[in-house]
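Feature list (source: Swiss-Prot):
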REGION    1-57  region 'Disordered'
COMPBIAS  13-23  compositional bias 'Low complexity'
BINDING   Gly234, Pro235, Pro236, Gly237, Ser238, Gly239, Lys240, Ser241  ATP binding site
DOMAIN    511-690  domain 'Macro'
REGION    657-706  region 'Disordered'
DOMAIN    720-829  domain 'HIT'
ZN_FING   870-893  zinc finger
Amino acid sequence: MDDFNLRSENPNSSSTTSSSSSSFHRHKSETGNTKRSRSTSTLSTDPQSVAARDRRHRISDRFKILQSMVPGGAKMDTVSMLDEAISYVKFLKAQIWYHQNMLLFINDHETTSSCTYSPGAGEFGPKLFGYDDDYAPIMDTYSQGVPLTVADSKYTPWFGSVDDEQEHVTYFKYRRATRHALRGHCNCIIGETEEFADQREKMEVQIEESGKNQTSPESIEADKAKQIVVLLIGPPGSGKSTFCDTAMRSSHRPWSRICQDIVNNGKAGTKAQCLKMATDSLREGKSVFIDRCNLDREQRSEFIKLGGPEFEVHAVVLELPAQVCISRSVKRTGHEGNLQGGRAAAVVNKMLQSKELPKVNEGFSRIMFCYSDADVDNAVNMYNKLGPMDTLPSGCFGEKKLDTKSQPGIMKFFKKVSALPASSSNEATNTTRKADEMTANVRVSPVKLGSADIVPTLAFPSISTADFQFDLEKASDIIVEKAEEFLSKLGTARLVLVDLSRGSKILSLVKAKASQKNIDSAKFFTFVGDITKLRSEGGLHCNVIANATNWRLKPGGGGVNAAIFKAAGPDLETATRVRANTLLPGKAVVVPLPSTCPLHNAEGITHVIHVLGPNMNPNRPDNLNNDYTKGCKTLREAYTSLFEGFLSVVQDQSKLPKRSSQTAVSDSGEDIKEDSERNKKYKGSQDKAVTNNLESESLEDTRGSGKKMSKGWNTWALALHSIAMHPERHENVVLEYLDNIVVINDQYPKARKHVLVLARQESLDGLEDVRKENLQLLQEMHNVGLKWVDRFQNEDASLIFRLGYHSVPSMRQLHLHVISQDFNSDSLKNKKHWNSFTTSFFRDSVDVLEEVNSQGKANVASEDLLKGELRCNRCRSAHPNIPKLKSHVRSCHSQFPDHLLQNNRLVARAET
């Protein structure tokens with residue numbers, strides 16, 4: 001066969017295919033193996049069915065491509081051409097087998113001169129290379145003309161030189177790529193055409209069975225390429241159907257569009273019908289687009305369940321301006337679901353009010369946000385060019401850190417719709433911004449309290465395989481083994497193996513072995529990126545990262561260790577020294593990052609776990625001299641320690657209340673009613689945040705309800721009361737709420753850590769309203785405050801706290817201040833701020849508890865104390881102004897006054 005004469009052709013040229021095809025047909029004519037004659041099948045042509053029309057276009061495009069690839073395909077009908085394609089794939093498979101095993105033969109028999117080994121005519125076959133006879137029928141059919149003895153003069157030059165071996169490698173790769181391309185096009189045509197179900201079954205059996213013995217890592221990874229379920233998320237008019245049609249057109253991956261508007265034989269159907277159609281499409285080997293609005297978790301949940309080890313679930317969020325969506329919906333005609341005209345505007349508005357943006361922890365492996373037409377075009381092109389064996393990186397991409405305001409309401413926008421330009425999305429975007437500034441905004445309902453915004457995730461590098469030179473095969477086995485062992489213990493938490501190199505061998509090995517064991521790829525997967533910039537650059541949210549450290553737990557040494565210490569700054573080294581000074585091989589140490597650490601602030605990383613693995617590098621300490629029995633044992637211990645450390649973090653965080661990254665309402669020194677600057681700020685910003693919640697609770701309504709009012713309250717001063725009575729309306733600012741208590745951040749904290757513990761009881765406006773029957777509530781508030789102190793001190797053990805009440809509060813609703821005594825805050829600006837926390841105007845919680853228990857009420861101090869001189873809270877030295885006072889406080893290390901050191905008024909860690 002000319003096809004096997006490697007000297008006569010360039011495998012990288014286009015002529016290779018024609019050469020092999022002519023050889024193939026010449027062989028078939030010589031052996032009398034002719035094609036079976038079949039009648040031509042035609043495709044359905046129903047002009048009323050959009051789905052059928054799209055299917056015809058896709059089949060036609062694929063058919064033309066396949067005709068150009070299959071030898072003689074241009075002159076064949078569909079059935080014959082598919083049959084020929086199947087045979088051609090088998091032929092290529094035989095060639096792959098042949099060239100792959102020639103490499104093995106060369107490695108075993110290579111000499112300095114031509115090879116003299118000559119197997120007999122009956123020996124040249126799979127058994128010669130130690131294989132079963134699985135390929136024997138193929139070789140019997142297609143290998144006639146191949147020399148049966150390698151001593152044949154025409155083919156003897158194949159053996160003995162490196163150049164020849166390289167030709168085998170090149171030819172092997174080329175044939176496999178051609179085979180995969182053919183399989184993809186056959187899958188599309190047969191999968192799209194119901195008439196060819198029997199050909200599909202035949203092709204699957206013949207092609208897939210022929211590939212069972214191909215075990216190279218590259219082929220395993222290719223054959224395991226996953227189908228994709230893509231959920232399009234957006235209101236009517238956001239362009240979901242257009243996205244699908246454009247992405248599917250001329251795509252090399254077989255797709256199916258699932259649209260509820262036409263799922264019932266061209267008519268509107270149900271969610272259940274969409275699920276069934278999606279399931280059927282996946283079984284047929286297609287990836288699917290879910291063309292529904294999918295605006296909230298409930299709508300998405302059942303479609304996400306379609307994912308698993310075999311399928312990836314992606315989300316494409318079409319977050320276009322509301323005006324653009326409304327304008328498109330109103331103006332369009334002939335819509336599949338008949339949602340057009342004036343009715344469409346109201347529907348869009350109603351849907352937007354219940355919108356919940358998707359999160360990775362719902363089960364998505366990839367989320368992509370599109371805020372403009374350009375973003376949408378990029379996403380369309382990405383999915384359009386995605387081949388049958390291609391994959392996309394996991395993570396969250398394109399998300400902008402927008403405020404929590406949703407798109408403006410239709411009733412306030414509708415008057416402007418007619419003025420919206422017909423087609424310019426840029427102008428529409430500008431209009432949106434103006435409308436946002438002119439109209440009140442409605443908040444999007446966030447996830448229910450208690451559900452984590454981010455799935456607990458550990459990102460870890462491969463331990464010991466870089467500088468410590470541990471064997472990659474053995475290391476990959478241990479990684480997969482330990483990951484599989486711990487996943488069942490971690491609940492919803494995830495493990496992510498990270499490497500900086502896209503061509504990383506350890507990532508490929510682990511990915512292939514995890515796939516073989518059917519490990520859930522949503523909970524354990526690989527990721528390419530910088531482990532110190534996973535969120536900012538890769539869109540992957542990880543709260544814990546592992547560091548492959550050295551025994552001294554010191555920066556330096558290059559690699560991951562140096563990168564993590566550099567990114568975290570001196571805070572990590574200081575925090576590490578609190579936990580340990582050295583580390584033994586096989587051990588790990590969990591280090592909480594302080595909130596001041598750059599990794600904590602920029603990447604959301606709360607903990608670093610240092611782990612030390614075994615060393616096989618003779619130039620590094622504790623070299624094991626290639627003792628892999630001990631090395632594997634130590635590496636297993638290292639991963640066990642690492643995953644157990646992560647498990648402890650997950651369990652500890654699950655016991656603590658959810659914290660919000662957003663700040664909350666303030667009530668501290670700046671809340672004193674005489675502080676005009678504070679009042680202006682609060683009226684200007686806080687009123688916007690609580691206006692909607694106060695609409696039904698106006699000041700007049702409250703006063704007319706018969707509830708006790710200890711003073712006349714300004715409107716802004718009612719914010720704490722509103723939050724305490726209705727915490728579910730303020731989930732963006734609430735850190736924790738119980739039956740009797742709500743915890744929030746102080747909007748303008750006067751120290752590094754400053755939270756408020758609010759009582760939820762009516763008629764408790766301030767300390768003067770407290771009576772003995774409220775003692776249990778006060779004790780509960782005190783205990784909750786201590787819990788938050790403990791949490792903050794876990795982050796930074798040097799912090800010292802004080803818990804107490806202002807004698808005369810500036811905001812309605814009894815609240816306990818939990819404040820660190822560093823007073824390091826830009827929000828502390830004047831004398832009233834300082835004196836409200838450092839004089840007897842501030843009543844310690846322990847004293848209030850004693851007074852209420854003994855005398856039935858708490859003592860309150862005069863507001864005149866706020867006008868006193870400025871004195872250091874430690875040494876009590878006097879200072880003329882706030883800047884000089886703050887400068888002194890930063891450097892003052894004097895002991896606190898005696899009265900604060902008594903009765904547990906100060907809460908500090910024992911080692912402080």
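In case you wondered, yes, glycine gets a Cβ from its N, Cα and C as well.
Where Swiss-Prot records a feature, it is marked here on the structure.
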residue	record	contacts (Cβ under 8 Å, 6+ apart)
Gly234	ATP binding site	Lys240, Cys293, Leu295, Val317, Leu318, Glu319, Leu320, Cys325
Pro235	ATP binding site	Cys293, Leu295, Ala322, Cys325, Val348, Met351, Leu352, Lys355
Pro236	ATP binding site	Cys293, Cys325, Ser329, Leu339, Ala344, Val347, Val348, Met351
Gly237	ATP binding site	Val324, Cys325, Ile326, Ser327, Arg328, Ser329, Arg332, Ala344, Val348
Ser238	ATP binding site	Leu318, Leu320, Cys325, Arg328
Gly239	ATP binding site	Leu318, Leu320, Arg328, Val376
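Apart from the site residues Gly234, Pro235, Pro236, Gly237, Ser238, Gly239, Lys240, Ser241, the chain places the Cβ of Leu232, Cys293, Leu318, Leu320, Cys325, Arg328, Ser329 no farther than 8 Å from the centroid of the site's Cβ atoms, the recorded ATP location. Secondary structure at Ser241 (ATP binding site), taken from DSSP and collapsed to helix, strand or coil, is helix. DSSP labels the residues of the domain 'HIT' (720-829) in these numbers: 37 helix, 27 strand, 46 coil. According to DSSP, Gly234 (ATP binding site) is assigned to coil rather than to any helix or strand. Take the CB of Ser241 (ATP binding site) and look out to 10 A: across all protein chains shown you find 20 other CB atoms. Averaged across the domain 'HIT' (720-829), the predicted model reaches a pLDDT of 91.
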